[in-house]
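As written in Swiss-Prot, here are the features:
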type	residues	note
ACT_SITE	PRO2	active site, proton acceptor
BINDING	LYS33, ILE65, ASN98	substrate binding site
MOD_RES	LYS78	N6-succinyllysine
MOD_RES	LYS78	N6-acetyllysine
Amino acid sequence: MPMFVVNTNVPRASVPDGFLSELTQQLVQAMGKPAQYIAVHVVPDQLMAFGGSSEPCALCSLHSIGKIGGAQNRSYSKLLCGLLAERLRISPDRIYINYYDMNAANVGWNGSTFA
């Protein structure tokens, strides 16, 4: 059930076609989870500042049942910051990513939970 959310001040017109699919496929490879369970949500055009500047920035979160931890998170940070830099032109030092290891009983899907 990985869910990756990107809140950014980058305009919608600057989000390339296929970006959501690319994020999904990269997360499939990085996390070893099936694409059918991965959700990606990009929220452009946000009123945001990072370090007092309104230059392009992003505040992100990655939620998952398992596959969250120190070494894994460093790997995800490298991958995701790289994609955001390349595709949205956001400098990696203007990106925060929060990681959440979810309890399966606290994640609802398809009329039930993952527990």
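Each Cβ is built from the backbone N, Cα and C atoms, and glycine gets one as well.
If you take the Cα of ILE65 (substrate binding site) and the Cα of the residue listed as 'N6-succinyllysine', they are about 20 angstrom apart, rounded to a whole number. For the residue listed as 'active site, proton acceptor', the same-chain residues lying six or more positions away in sequence with a CB closer than 8 A to its CB are LEU27, MET31, LYS33, TYR37, ILE38, ALA39, LEU62, HIS63, SER64, LYS67. Look at ASN98 (substrate binding site): DSSP puts it in a strand. Ranking the recorded positions LYS33, LYS78 by how many Cβ atoms sit within 10 Å of each one's Cβ puts LYS33 at the top. Non-local neighbourhood of ASN98 (substrate binding site): CYS60, SER61, LEU62, each in the same chain, at least six residues away, with C-beta under 8 Å from its C-beta. Under the DSSP three-state reduction, LYS78 (N6-succinyllysine) is assigned to helix.
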